[in-house]
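Chemist: So that we are looking at the same thing, I have put the structure below in structure tokens.
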């Protein structure tokens, strides 16, 4: 019987390594795909490990710039903070991984793709809905969800099948990391009353270990895109990495969040997003300077919906594409420089300037240079307050009657 091909999203960890053997037992030839999203792993080792475990082919694809420009950028421009806190670190990478799975599957003539998600997380939804949107004819296999093994049973299977067991398997934490940040769950973090131990963090310093002097950075934007740090031009991926180091040193971007998952449960996770939180803060301030009031007041409504769509795995939905078009239109004049102070866990904007600034000092000032027409206020107040005045007059007459 001829074997079918399946493309597996491969991380190098125990679950996806065991999945290679498990899929082989199901009569599949496994093609492993590992993406470099900026997490800092030795992905050359991961690529070779997939082959040693039994994959017939192994891909390692550097998608850092694509992830930065096509995914993280939109999240920054939409100020996506799920439930006001979470910058969508993992949720942003899933549609890109799904896209690459589909591309390799079509290239290799595979009939299926596979992922290593469990049956109780958000990621299974994000992967599978994205894959269905891109190629509804591909079969999607979720080995970890199907085999329902305990950790002990999985380790026993790995030993029986000569699957290398990671040396850090005894770590209590489940970690996911990319350019946009780092998420951490499980272990002691499952107790929402327990303080996260310092070993749960990697990208940021504890406040007591951060410098006692602030550091200032100037972030340059062109049409909503961060392009420079302190006057030096960077690609977007490199700018994010550089800012992660700068802001992380000052403890910026630590987030402890009990969130409502798509699958109906609450989970407690710890995030580190130094660059993401700094860029979102700076970008919002530049928009405040360059957007007219109507756009400034309406855009948060769109931002909330975009955030929900991305979190819920609907990156490739028609609504998200339509809202993205609105978002892009709002960025045309978001050009300028924002000065940010990094200090003791905070990214504080202390200055902003733009050639498209709608702030007119001569209209805003209370000094002798004031050019605002104060006499116009009388007529404006009369017309603006007219509906309220008429309503009050009508009801006053009814009371008197």
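Using the three backbone atoms N, Cα and C, a Cβ is placed for every residue, glycine included.
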Chemist: For the ATP site that Swiss-Prot lists with 9, 10, 11, 12, 13, 14, 15, 16, 17, give the additional residue from the candidates 109, 116, 119, 121.
Modeler: 116
Chemist: Since Swiss-Prot lists 86, 122, 126, 174, 259, 271 for L-citrulline, which candidate among 93, 183 does it give for that site as well?
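Modeler: Record source Swiss-Prot; matching candidate: 183.
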Chemist: Which of 11, 122, 174, 183 has the fewest nearby Cβ atoms, counting only those within 10 Å, among these binding-site residues?
Modeler: 174
Chemist: Using Cβ-Cβ distances, find the residues under 8 Å from residue 123 (L-aspartate binding site) that belong to the same chain and are at least 6 apart in sequence, listing them in sequence order.
Modeler: 90, 94, 115, 117
Chemist: Fewest other C-beta atoms within 10 angstroms of its own C-beta: which of the binding-site residues 15, 259 fits that?
Modeler: 259
Chemist: What is the separation, in Å, between the Cα atoms of residue 13 (ATP binding site) and residue 271 (L-citrulline binding site)?
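Modeler: It is 21 Å, counting Cα to Cα.
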